[in-house]
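K.L.:
Just dropping this structure here.
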Amino acid sequence: MGTVDIADMDITARLAEKKPKVVFVLGGPGSGKGTQCANIVEHFHYTHLSAGDLLRAEIKSGSENGTMIQNMIKEGKIVPSEVTIKLLQKAMLESVNDKFLIDGFPRNEENRAAFEAVTKIKPEFVLVFNCPEEEMERRLLSRNQGREDDNIETVRKRFKVFLESSLPVIEYYKAKGKVREIDAAKPVGEVFEAVKVIFTPEAEKIVFGFITTEKR
Ligand SMILES: Nc1ncnc2c1ncn2[C@@H]1O[C@H](COP(=O)(O)OP(=O)(O)OP(=O)(O)O)[C@@H](O)[C@H]1O
Ligand SMILES: Nc1ccn([C@@H]2O[C@H](COP(=O)(O)O)[C@@H](O)[C@H]2O)c(=O)n1
Ligand SMILES: [Mg+2]
């Protein structure tokens, strides 16, 4: 008979009580997810959780999964969902906030189905940054943040994984009417103008429109 991990049950139950609101942020490698999440945090008071950042922190912490995660990242492969989901659950529980931007997750069908099965959380919506591959490649190769996966060999593998494994997840949410798409090839400020429209509540947009009309 399998054993029941009390710690895992506890974390899942406590997170369910918290009822977190989640927006998934997806897009190709280098499309600008992290850059725009920082802007959203500043303007709309979300907490940004990058799955990639959490995995990199796990490597640095000297965890028993560290070597496996490092090898997967170097190859541009997707780490088993169980590992990433636990990191995301823990980060959501530890935060005082209840609004989260989950950046770079779900990256494949396994990530998506496992997250839903374990947490029962469905995203409010899914923000998708669209950017041509040549532009993403330019950005990644000049990012200069010392990432082991920002080299041309790994970048090509990451693009392949995005096309084969991540695009089907976006299609899944599109079919559910949950996707909000952004043209991410534009300069950072212009991209954020488009992002703002999506995060601004409808009521505020109407009030703003009313005030500007009144002043004329
Ligand atoms: N709209 C933009 N125009 C030009 N450069 C940008 C734009 N957005 C982000 N960048 C730059 O491109 C690089 C990649 O951006 P960022 O780290 O936000 O992408 P990402 O989608 O999070 O990538 P990854 O999937 O690899 O984590 C960074 O150096 C960033 O400064
Ligand atoms: N759900 C995820 C997200 C990321 N990874 C691994 O991390 C790498 C870097 O991710 P970024 O979002 O920071 O670009 C990615 O290439 C994967 O190797 C993952 O396994 N699962
Ligand atoms: Mg990123």
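Even glycines carry a Cβ here, placed using N, Cα and C.
No curator has checked TrEMBL annotations; they are predicted automatically.
Annotations for this protein, taken from TrEMBL, read as follows:
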BINDING   Gly30, Ser31, Gly32, Lys33, Gly34, Thr35, Arg143, Lys186  ATP binding site
BINDING   Arg56, Lys77, Ile78, Val79, Gly104, Phe105, Pro106, Arg107, Arg147, Arg158  ribonucleoside 5'-phosphate binding site
BINDING   Asn111  CMP binding site
K.L.:
Measure from the Cα of Gly32 (ATP binding site) to the Cα of every one of the binding-site residues Ile78, Gly104, Pro106, Asn111, Arg147, then give the nearest.
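P.N.:
Closest recorded candidate to Gly32 (ATP binding site) by Cα: Gly104.
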K.L.:
Reported as an integer number of Å, what is the Cα distance between Arg56 (ribonucleoside 5'-phosphate binding site) and Gly34 (ATP binding site)?
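P.N.:
Arg56 (ribonucleoside 5'-phosphate binding site) to Gly34 (ATP binding site), Cα-Cα distance: 14 Å.
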K.L.:
Which three-state DSSP class does Gly30 (ATP binding site) fall into?
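P.N.:
In the DSSP reduction, Gly30 (ATP binding site) maps to coil.
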K.L.:
Filtering Gly32, Lys33, Gly34, Arg147 (binding-site residues) by proximity to ligand 3: which pass a Cβ cutoff of under 6 Å to any of its atoms?
P.N.:
Lys33, Gly34
K.L.:
I'm trying to understand the geometry here, so how far is the Cα atom of Ile78 (ribonucleoside 5'-phosphate binding site) from the Cα atom of Ser31 (ATP binding site), in Å to the nearest whole number?
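P.N.:
Just about 18 Å between their Cα atoms.
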K.L.:
Any of the binding-site residues Lys33, Gly34, Asn111, Arg143 with a C-beta atom under 6 A from ligand 2? Give them in order, or none.
P.N.:
Asn111
K.L.:
Which of the binding-site residues Gly104, Pro106, Asn111 has its Cα nearest to the Cα of Lys33 (ATP binding site)?
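P.N.:
Closest recorded candidate to Lys33 (ATP binding site) by Cα: Gly104.
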K.L.:
For the binding-site residues Gly30, Gly32, Gly34, Gly104, Pro106, which Cβ has the most other Cβ atoms within 10 Å, all shown protein chains included?
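P.N.:
Per the Cβ count, the most surrounded site is Pro106.
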K.L.:
State the three-class DSSP label for Arg56 (ribonucleoside 5'-phosphate binding site), counting H, G and I as helix, E and B as strand, and everything else as coil.
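P.N.:
SS state of Arg56 (ribonucleoside 5'-phosphate binding site) = helix.
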K.L.:
Output the one of Lys33, Arg56, Arg143, Arg147, Lys186 that, of all these binding-site residues, has the highest number of other Cβ atoms within 10 Å of its Cβ.
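P.N.:
The residue with the densest Cβ neighbourhood is Lys33.
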K.L.:
What does the structure give for the C-alpha distance between the residue listed as 'CMP binding site' and Arg147 (ribonucleoside 5'-phosphate binding site)? Integer Å is fine.
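P.N.:
Cα-Cα, rounded: 23 Å.
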K.L.:
Checking the contact step here: among the binding-site residues Gly104, Pro106, Arg147, which have a Cα within 10 Å of the Cα of Gly30 (ATP binding site)?
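P.N.:
Of Gly104, Pro106, Arg147, within range: none.
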